[in-house]
Amino acid sequence: MERKQSNAHSTFADINEVEDEAEQELQQQENNNNKRFSGNRGPNRGKQRPFRGFSRQVSLETGFSVLNRESRERDDKKSLPRSGRSFGGFESGGIINGGDGRKTDFSMFRTKSTLSKQKSLLPSIIRERDIENSLRTEDGETKDDSINENVSAGRYFAALRGPELDEVKDNEDILLPKEEQWPFLLRFPIGCFGICLGLSSQAVLWLALAKSPATNFLHITPLINLVVWLFSLVVLVSVSFTYILKCIFYFEAVKREYFHPVRVNFFFAPWVVCMFLAISVPPMFSPNRKYLHPAIWCVFMGPYFFLELKIYGQWLSGGKRRLCKVANPSSHLSVVGNFVGAILASKVGWDEVAKFLWAVGFAHYLVVFVTLYQRLPTSEALPKELHPVYSMFIAAPSAASIAWNTIYGQFDGCSRTCFFIALFLYISLVARINFFTGFKFSVAWWSYTFPMTTASVATIKYAEAVPGYPSRALALTLSFISTAMVCVLFVSTLLHAFVWQTLFPNDLAIAITKRKLTREKKPFKRAYDLKRWTKQALAKKISAEKDFEAEEESHH
């Protein structure tokens, strides 16, 4: 059949069969990509996509339609479902996709000693070998590094969202199944020490209310301090015992929390709680003792000091965990302990040590405060909307005010300056009505109550230095607010734990992969490039139209 000739306004692109050598190169490239990204372990895995050759002329519009269709298909493959089951041939938790209905293996987060004992069994050796083979690509590299290797701080910011970095982004995958309930120890976060922070700070508050001359008209009995102190001690022992079990059986998960930019600050919390309990010890336990034993300060402040040397060194030396990169409101936990330690050092009679800790804490508080206040582009953890995490801003200046008063014995200008800074920040936060609304409850919220309690204690000290009805009213108001918030959180915790049973959901933040599993195919030169010939055809069409118009003008 004869083919009609096209006029000057209709341009066609002549697409011929690709030569044998070029076709083999294209098929080899496509075959390699299929092996790399395919997750099926079946007889169809080795099948190649049929090569499409054209031996006829197609219009430019057809070329564009084919190009758009292939672009849509390529975009559809860029996102991974956040189910923990999107590895190629790799089921969640290290189970090969065999369809035999086996339960998820959580041994990847166990301690190395426990995991090595499991590997001594023959079935486990075979399973681990299959996992390694399923994760290995053609060139010998793995899709994701070992679970035992540390996750970078940038990876947490890239894979997680929220002010506490505890929510996985939609386009990210996790190592464990989201639908299945994980073991309790894996779901028990370091943030549970926030409960101890809130309760132990209440013990300090009620001791101050019972002993302060500014509130003696209330005739508050010291028994309240005793009850709160004992309850705080029981909660601290329970939480510490549970987390020690997690360290024993799931140490790899603990390492994940330590390298988390937000949760690393909660490793300071147990020692701050212990110092709070030492400061607020009931009078009936030491009625005639002016100073505490120095060993108490050494036991509680020693681990805190060595941990802050590690963290402050990372801030100072730069790198991936420099302060402008990982700064978040929870970073105040790594600062406020210096002021609490200064108070305890003064209680044991070491005034010079107390002054040293106060100076270190205040210097780093200024750095953290300025870094967060500037909202640097690299500080990704600071939420734009109001969140209870903002209450951490008032913790350090309040504690600094109390520490200065304890060291020097008077509420002078420096102590009042810190107190007024904390008071202004407190008012600026309380002025917002929706302070605790619209956010998912978390046990980490408990740690946000102790700054309010610390501000209340600082206000009581201020009322002692500046007696009067306004100062007393302010002290009672802030004390009532902090106690009410602790009661509300206590009731909410009981409801989530025993009624709704949602207090400890799956801790998705520790199950992220070391690097993103979504990979884009590397561009390579193809003998037949649809995009290239489409552009060339468009250029030829424009050139032909210009020649045709020029030819018509010459005829006229």
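Backbone N, Cα and C atoms are what each Cβ position is placed from, and that goes for glycine too.
What Swiss-Prot records for 1-103 is region 'Disordered'.
The compositional bias 'Low complexity' annotation in Swiss-Prot covers 25-34.
Residues or ranges marked as phosphoserine in Swiss-Prot (evidence: experimental evidence): SER59 (among others).
Residues annotated as compositional bias 'Basic and acidic residues' in Swiss-Prot: 69-79.
Sequence annotations record features per position, and here Swiss-Prot assigns phosphoserine to SER86 (among others).
The compositional bias 'Gly residues' annotation in Swiss-Prot covers 86-99.
According to Swiss-Prot, the feature phosphoserine maps to SER113 (among others).
What Swiss-Prot lists as phosphoserine is SER120 (among others), and the listing cites experimental evidence.
Summarising the annotation, Swiss-Prot assigns phosphoserine to SER146 (among others) and lists experimental evidence as the type of evidence.
Residues 164, 218, 220-222, 224-225, 228-229, 231-232, 235-236, 239, 242-243, 254, 257, 263, 266-267, 269-270, 272-273, 276-277, 279-280, 282, 442-450, 453-454, 456-457, 460-461, 479, 482-483, 486, 489, 493 of the same chain lie 6 or more positions beyond the ends of the transmembrane segment (190-210) yet place their CB under 8 Å from a CB of it. Residues or ranges marked as transmembrane segment by Swiss-Prot on the basis of sequence analysis: 190-210 (among others).
Here Swiss-Prot flags 217-237 (among others) as transmembrane segment, drawing on sequence analysis. Residues 195-196, 199-200, 202-203, 206-207, 209-211, 270, 273-274, 276-277, 280-284 of the same chain sit 6 or more residues outside the transmembrane segment (217-237) yet have a Cβ under 8 Å from a Cβ within it.
Residues or ranges marked as transmembrane segment in Swiss-Prot (evidence: sequence analysis): 266-286 (among others). Listed by sequence, the residues of this chain that lie at least six past the ends of the transmembrane segment (266-286) yet keep a Cβ under 8 A from its Cβ atoms are 190-191, 193-194, 196-197, 200-201, 203-204, 206-207, 211, 222, 225-226, 229, 232-233, 236, 240, 257-258, 292, 296-297, 299-301, 303-304, 307-308, 330, 333-334, 336-337, 340-341, 343-344, 347, 444, 447.
Marked as transmembrane segment by Swiss-Prot: 296-316 (among others). Remote same-chain partners of the transmembrane segment (296-316), defined as residues 6 or more beyond its termini with a Cβ less than 8 Å from a stretch Cβ, comprise 264, 267-268, 271-272, 274-275, 278, 322-323, 334, 337-338, 341, 344-345, 347-348, 350, 353, 357, 364, 367.
Annotation source Swiss-Prot lists transmembrane segment at 326-346 (among others).
Annotation comment: Swiss-Prot describes 353-373 (among others) as transmembrane segment.
Positions annotated as transmembrane segment by Swiss-Prot: 389-409 (among others). Outside the transmembrane segment (389-409), and at least 6 residues removed from its termini, the chain residues within Cβ reach (under 8 Å) are 163-164, 328-330, 332-333, 335-336, 339-340, 342-343, 346-347, 351, 354-355, 358, 361-362, 365, 368-369, 372, 383, 415-416, 418-419, 421-422, 425-426, 429, 447-452, 454-455, 457-458, 461-462, 465.
Residues 297, 301, 312, 315, 323-324, 327-329, 331-332, 334-339, 341-343, 345-346, 379, 382, 393, 396-397, 399-400, 403-404, 406-407 of the same chain lie 6 or more positions beyond the ends of the transmembrane segment (353-373) yet place their CB under 8 Å from a CB of it. Cβ environment of PHE450 (site 'Important for channel gating'): LEU197, GLY198, SER200, SER201, ALA395 lie under 8 Å away, each six or more residues apart in the same chain. PHE450 (site 'Important for channel gating') falls within a helix when secondary structure is assigned with DSSP.
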